[in-house]
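Down below is the structure, laid out as structure tokens.
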Amino acid sequence: MLTTKSLVERFELEMIAGEAGLNKQIKNTDISRPGLEMAGYFSHYASDRIQLLGTTELSFYNLLPDEERKGRMRKLCRPETPAIIVTRDLEPPEELIEAAKEHETPLITSKIATTQLMSRLTTFLEHELARTTSLHGVLVDVYGVGVLITGDSGIGKSETALELIKRGHRLVADDNVEIREISKDELIGRAPKLIEHLLEIRGLGIINVMTLFGAGSILTEKRLRLNIHLENWHKEKLYDRVGLNEETLRILDTEITKKTIPVRPGRNVAVIIEVAAMNYRLNIMGINTAEEFNDRLNAEILRNGNNGNNGEEK
């Protein structure tokens, strides 16, 4: 649960009034600058949002007649309002301080400029209030691509991750991956605090990757881009040998590219994952080897077909 108190501590803000409301829960990622409300229009006032007051809002407020000021601020401070933040180290109006105390609305000041603070708060709130889920798998950063390795228990996910780490790649999470959907089509994965930096190898036990391989072998969090699903090789199953079949894995409301890799003795899965990551990077740059091969093949078939027709005409 995200509260106003945690926001104050995170951004080192200064409390002015309304300390009794510090445990209010923040539920909305949106932030408002109540310009219309300062003018007296409260019909669509989003009172459940954090309110930012900067130079523009307070300059207009100072132009209001004395008899309107107190009522305006009492309407601004609602029981459901998580916080009102005055930026640029400006002096909060006395009427606002009184209203904040009356309605137990946290009144906070910040030295940061309004636009800059809004940007930082939005990023923070989207991250903290994002939808979350957990998946069984291993998350590794391979050539800058967040690769989620999944498969049945005992298939060799952790062993593959260990080989990737030895080859210079970085571990994010093993066994349990916490995933946040911080925005549309953007998933961020990390390890639970309890198992951070740890890797379980059957027959060996739990190892601390950072202790063994150094700080450069681990990463706190990584954006998920590619899913490598490991499964035992089935003779009767037809596997994609060209790369034209597009599979996806849906996590929350976001889909990421999925590649199914059959596992059997003699296959170096770590190298295959490295190549898959590099090939994914080429694909997002607009280079698709499978499609280029398919185009060349179709052109060759068409050319041979035309040559055959010309021979028949002769």
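Positions of Cβ are set from backbone N, Cα and C atoms, glycine also.
If you check Swiss-Prot, you get these features:
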- H136: active site (ACT_SITE)
- G151, D152, S153, G154, I155, G156, K157, S158: ATP binding site (BINDING)
- K157: active site (ACT_SITE)
- S158, E200: Mg(2+) binding site (BINDING)
- D175: active site, proton acceptor (ACT_SITE)
- R241: active site (ACT_SITE)
- 262-267: region 'Important for the catalytic mechanism of dephosphorylation' (REGION)
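Under 8 Å, Cβ to Cβ, and six or more positions away along its own chain, H136 (active site) finds T150, S153, D175, N176, V177. Shown are the binding-site residues G154, G156; of these, the residue with the fewest other Cβ atoms within 10 Å is G154. Residues 151, 155-156, 230-234, 237, 239 of the same chain lie 6+ residues outside the region 'Important for the catalytic mechanism of dephosphorylation' (262-267) yet bring a C-beta within less than 8 angstroms of a C-beta in it. Counting only the Cα atoms, the space from S158 (ATP binding site) to R241 (active site) is about 26 angstrom.
Cα-Cα distance from G154 (ATP binding site) to E200 (Mg(2+) binding site): 11 Å (rounded to the nearest whole number). Secondary structure at K157 (ATP binding site), taken from DSSP and collapsed to helix, strand or coil, is helix. Between the C-alpha atoms of D152 (ATP binding site) and R241 (active site), the distance comes to 22 Å. Between the CA atoms of R241 (active site) and K157 (ATP binding site) there is a gap of 22 Å. Straight-line distance linking the Cα atoms of K157 (ATP binding site) and E200 (Mg(2+) binding site), rounded to a whole number, equals 10 Å. Taking the Cα atom of each, E200 (Mg(2+) binding site) and G151 (ATP binding site) are about 15 angstrom apart.
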